[in-house]
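According to Swiss-Prot, the features are:
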type: BINDING; residues: Thr67, Pro68, Ala69, Gly70, Glu71, Gly72, Lys73, Ser74; note: ATP binding site
Amino acid sequence: MVKSDIEIAQAAEELPITDVAAKLGLTSQDLEPYGYDKAKVNWQAIKRSEENGHLGKLILVTSISPTPAGEGKSTMTIGIGDAINNQLGKKTVIALREPSMGPVFGMKGGAAGGGYAQVIPMEDINLHFTGDMHALTSAIDNLSALVDNYIYQGNELGLDPEKIVIKRGLDVNDRTLRKVTIGQGSKFNGVERPASFQLTVGHELMAILCLSKDIADLKERIGKVLVGYTYEDEPVFVKDLGFQGAIAALLSTALKPNLVQTLEHTPAFVHGGPFANIAHGNNSILSTNLALHLSDYVLSEAGFGSDLGGQKFLDFVSTKLEKKPDAAVVVATVRALKYQAEKSTDHLKEENLDSLKEGFANLDRHMNNVRSYNIPVLVVINKFPTDTEAELDLLKSLIEEQGFPCEIVTAHDEGSKGAKAAAEKIVELADKSDYEIKRSYDLDDDLETKIEKVAKRIYHAADVEYTDKAKDQLVKLKKMGKDKLPVIIAKTQYSFTDNVKELGAPTGFTLHVKGLSLRNGAGFVVVSTGHILDMPGLPKHPAALDIDVDETGKISGLF
């Protein structure tokens, strides 16, 4: 009988977290333990690492457009990282985002890898972990409560209740909270106004946590967060209300990177979790930077496909990290590419070379998008049991015909042994890497130019169309002097377009911009397209229905 992911994780022989830390030259004095198998790294160790003069190679892991069939990007990141560390004997750290509990109990499930390529303790990482998500949710909702109290207690600056732009947050998928009215009833209950909730991972405070370099930077960024506008339409920021210290205090511990291990005891930093469709989609700057100072190779996974997390890492995050990736991995699967052609999961287990050829257009777009940055690229095929030799041979030949190296990886079933060839190739590419990155846009471009360049170069759109609301917001941002900030485009993860049903590699379409939101503390503008939601709902059969716990406290059903 095939073991489930959680059964494999629960049967693992974990090392004490102090032993995992020792692999990186960290002592028990450098850690703030959360039990036996996880810890935060303290500021003393972080500052010492920054002074050691060492900087490892950075490998970005991205993928094709996600599908219900699953791509296994986290599994590939962990498997290849394990192989570099254990098969090649090179000091390696894996850097991943923290899972959000919303998808864990919803449709997507967890984000700790799969099979014999997982980070552990799997249940903790997918649920409460070290409490970072709870700290963020508390900070988000305390900020909103303080703002509403400010209005209730006199509102000296004349903050217009109808122009509050910050939202409340929850780490729960709950569609009923997308639009609410607060303060109903008597004046004793506060000022009545419309409000909204968004998923914690999509809130600006999550982005700030992932971009801050230390507590001083964290506090400064929180102070810059736009709260709303006055009755005279003047912007009001958190620092104008004096709340930045309290909110930073709530996040000061969450800012420290979390250290765990893989099933094969490779060190892993799992820290920060912004979604790539509604935010910037990459783990924290602090954890990646720490990993680079403590190891020779760092694998960092970007959310969703190369058009989302990958593009945002290369155009934005790497500028804040002040390091470009030395190489990139693009993950693909036979069954996901067949889905791009068939648009159904009904027959994905059956051999279909024609569907694979047609669906290859999606991978072709993604791998060429990444190569357009001049970065060396390895394409890996995550092999599934239903893949036929004919399908694997065809896909590998299609990839190599485009001039890309390709390796088939079986880490899900075999652990690091199944990723050795991919590890050897990506290390070779990273070691030889010497290129000048060609980003999608120049930082000096205005917002419209940045949006157009990403839309045309990465999505292959023909045109960009703005609603009247979006046009007004562009004017306001220019008036505020914020029209040169980087852009984070919020778009469906399932398509290069803003239409979830347009699969494959469409061209000649129009990207529809519905609105622009200033994330002043994070230092970017979110560009909303199509019908993207920042508070998901639950499916008809949520994953929660399959999760249980027995009388000993042993959890089952997580994946």
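Placement of Cβ uses the backbone N, Cα and C atoms for every residue, glycine included.
Applying an 8 A CB threshold to same-chain residues 6+ apart, the list for Lys73 (ATP binding site) reads Val61, Thr62, Ser63, Glu301, Val331.
The Cβ neighbour count for Gly70 (ATP binding site), using a 10 Å radius over every protein chain in view, is 18.
Neighbour count (other Cβ atoms within 10 Å of the Cβ, all protein chains): 26 for Gly72 (ATP binding site). DSSP classifies Ser74 (ATP binding site) as helix under the three-state reduction.
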